[in-house]
Amino acid sequence: MIDAFARDIHYLRVSVTDRCNLRCVYCMPEEGLPLVDHREVLRFEEFERLIAIAAAQGVRRVRITGGEPLVRKGIVPFVARVKAITGIEDVALTTNGILLPRFAGDLKAAGLDRVNISLDTLRPERFRAVTRVGCVDDVWTGIEAALAADLHPVKLNVVVMGGVNDDELADFARLTLQWPIHVRFIELMPIGEGDPRFRGQFVSIEQMQAKMAREGLRLGNHPGIRGGGPARYHTLEGALGTVGFISAMSKHFCAACNRLRLTAEGKLRPCLHSRQEIDLKAPMRRGAPDSLLSLIFQKAVEAKPYQHSMLDEGWGDRTRRMSQIGG
Ligand SMILES: Nc1nc2c(ncn2[C@@H]2O[C@H](COP(=O)(O)OP(=O)(O)OP(=O)(O)O)[C@@H](O)[C@H]2O)c(=O)[nH]1
Ligand SMILES: C[S@@+](CC[C@H](N)C(=O)[O-])C[C@H]1O[C@@H](n2cnc3c(N)ncnc32)[C@H](O)[C@@H]1O
Ligand code: SF4
Ligand code: SF4
């Protein structure tokens, strides 16, 4: 699907649940969010139908996200069904990793291509503070399980926050000397719970790179690894993995945007930042044929803005947090 700015939209991010087993401070309020009623969340068969319709229009990559996708029952057979859809070449999952020890092998067997695992700190007490409930060892066991299952390339997502974890950049980067993993540093976005933190804790990619250089790390350019996202990759000499940067704010990558989002409630969101959402669930449940649902996909593609305006406008959307959009 080609949008109004000649961008090829071929990547669908599917949030299969708004629920999560963590409460990351920049993503969810401590008490959690009012849970969407089960009946309002799409059934896996409904997601499958919509993904097949998107694939028929040129979507080739699917990322399963959430909330935490691994807390939803039936996720493994769902992955297998998505992988079997004609036209889908790459099925990836973004997860906090806590449940990967249990699921990595089965996900691989079901056809999952790869995982991105979110981990913002290597320090146990800090991890507990950032996620409010989590245990960092569980994520490490999850990373090892993903590597053992060959869910390759295994990427780590690190949201960098000033005064919280920006003293761990070198530690994270050095992990790539010992492990074949791809560490990606992400700029904090003023979305949902990230909004009030943004002003005080934002660290730009340029600042991160300057800090790493001061700490003696020499990053060489790297042509990139398998993926459809916006990260720019570098590497340390002799490393098994890479170090990537996702500059969502300071140097956004919207001109190369390739994606649409489908929320757990069956709404198409043309842009991460824009509030607009287009409902697919109601027409689908009223019996709309594939041709009509295809048109709705096209409308969403047409509605994509050229770029986000988070720097000028901040968030201001009280109805949505990152866990509800899928990141
Ligand atoms: N501004 C912006 N940020 C995004 C977008 N998509 C993903 N991100 C952020 O980039 C980070 C990494 O996202 P992932 O879910 O790991 O996916 P990805 O980097 O697109 O995936 P691959 O490169 O295909 O592995 C997350 O913090 C997302 O919130 C987007 O469309 N716009
Ligand atoms: C919303 S989570 C959903 C998937 C899964 N629960 C996880 O944490 O990987 C997807 C990604 O969004 C990132 N994210 C959430 N809020 C963010 C914010 N305000 N700024 C930047 N990234 C954010 C998370 O760190 C994570 O990598
Ligand atoms: S970032 Fe992921 S793991 Fe953390 S609260 Fe949000 S959805 Fe859950
Ligand atoms: S912020 Fe919007 S336009 Fe920019 S890359 Fe993300 S989805 Fe695309």
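Every residue, even glycine, has its Cβ placed from backbone N, Cα and C.
Summarising the annotation, TrEMBL assigns GTP binding site to Arg13, Arg63, Thr94, Lys155, Arg259, Leu260, Arg261. Summarising the annotation, TrEMBL assigns [4Fe-4S] cluster 1 binding site to Cys20, Cys24, Cys27. Annotation comment: TrEMBL describes Tyr26, Gly67, Ser118, Met189 as S-adenosyl-L-methionine binding site. Look at TrEMBL and you will find Cys254, Cys257, Cys271 tagged as [4Fe-4S] cluster 2 binding site. Summarising the annotation, TrEMBL assigns domain 'Radical SAM core' to 4-226.
Sequence features annotated in TrEMBL and their locations in the structure.
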{"residue": "Cys20", "record": "[4Fe-4S] cluster 1 binding site", "Cβ neighbours (10 Å)": "22"}
{"residue": "Cys24", "record": "[4Fe-4S] cluster 1 binding site", "Cβ neighbours (10 Å)": "20"}
{"residue": "Arg63", "record": "GTP binding site", "Cβ neighbours (10 Å)": "24"}
{"residue": "Thr94", "record": "GTP binding site", "Cβ neighbours (10 Å)": "22"}
{"residue": "Ser118", "record": "S-adenosyl-L-methionine binding site", "Cβ neighbours (10 Å)": "22"}
{"residue": "Lys155", "record": "GTP binding site", "Cβ neighbours (10 Å)": "25"}
{"residue": "Met189", "record": "S-adenosyl-L-methionine binding site", "Cβ neighbours (10 Å)": "23"}
{"residue": "Arg259", "record": "GTP binding site", "Cβ neighbours (10 Å)": "21"}
{"residue": "Leu260", "record": "GTP binding site", "Cβ neighbours (10 Å)": "25"}
{"residue": "Cys271", "record": "[4Fe-4S] cluster 2 binding site", "Cβ neighbours (10 Å)": "20"}
Number of other Cβ atoms within 10 Å of the Cβ of Tyr26 (S-adenosyl-L-methionine binding site) across all protein chains: 23
Extra residues within 8 Å (Cβ to Cβ centroid of Cys20, Cys24, Cys27), [4Fe-4S] cluster 1: Leu22, Arg23, Tyr26, Met28, Glu68, Asn96, Thr131, Met322, Ser323
Close binding-site residues near Cys257 ([4Fe-4S] cluster 2 binding site), where close means Cα within 10 Å, chosen from Cys20, Cys27, Gly67, Ser118, Lys155: none
Binding-site residues compared (Cys27, Cys254, Cys257) - the one with the fewest other Cβ atoms within 10 Å: Cys254
Filtered binding-site residues, from Tyr26, Cys27, Lys155, Met189, Cys254, Arg261, whose Cβ is under 6 Å from an atom of ligand 2: Tyr26, Cys27, Met189
Cβ under 6 Å from ligand 1: qualifying binding-site residues of Cys20, Cys24, Thr94, Ser118, Cys271: Thr94
Contacting binding-site residues for ligand 3, chosen from Arg13, Cys27, Gly67, Lys155, Cys254, Cys257 when the Cβ sits under 6 angstroms of any of its atoms: Cys27, Gly67
Rounded distance in angstrom between the Cα atoms of Met189 (S-adenosyl-L-methionine binding site) and Arg259 (GTP binding site): 18
